[in-house]
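According to Swiss-Prot:
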DISULFID  Cys4-Cys54  disulfide bond
DISULFID  Cys13-Cys37  disulfide bond
DISULFID  Cys29-Cys50  disulfide bond
DOMAIN    4-54  domain 'BPTI/Kunitz inhibitor'
Amino acid sequence: GSICLEPKKVGRCRGSFPRFYFDSETGKCTPFIYGGCGGNGNNFETLHACRAICRA
């Protein structure tokens, strides 16, 4: 889906939540640290969810 093409977005808050995003350049789901707010749809709690939605 189109959310898989959105850029990684950490957000403006200072939390530290381990998440995954789909890297459209590599075609893989990659871990990153999410700040807790102001993110976008390319933000998954699990690797499985990222792979299932983005077909990685």
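Cβ atoms are placed via backbone N, Cα and C, with glycine included.
The Cβ of Cys4 has fewer other Cβ atoms within 10 Å than any other of the disulfide-bonded residues Cys4, Cys29.
Between the alpha carbons (Cα) of Cys4 (disulfide bond) and Cys29 (disulfide bond) lies a span of roughly 9 Å. Listed in sequence order, Gly11, Arg12, Cys13, Gly15 are the same-chain residues at least 6 apart in sequence whose CB falls under 8 Å from the CB of Cys37 (disulfide bond). In the structure shown, across all protein chains, Cys50 is the one of the disulfide-bonded residues Cys13, Cys50, Cys54 with the greatest number of other Cβ atoms within 10 Å. DSSP assigns Cys4 (disulfide bond) to a helix. Reduced to three states, the DSSP call for Cys50 (disulfide bond) is helix. Under DSSP, Cys37 (disulfide bond) is assigned to coil, being neither helix nor strand in the three-state scheme.
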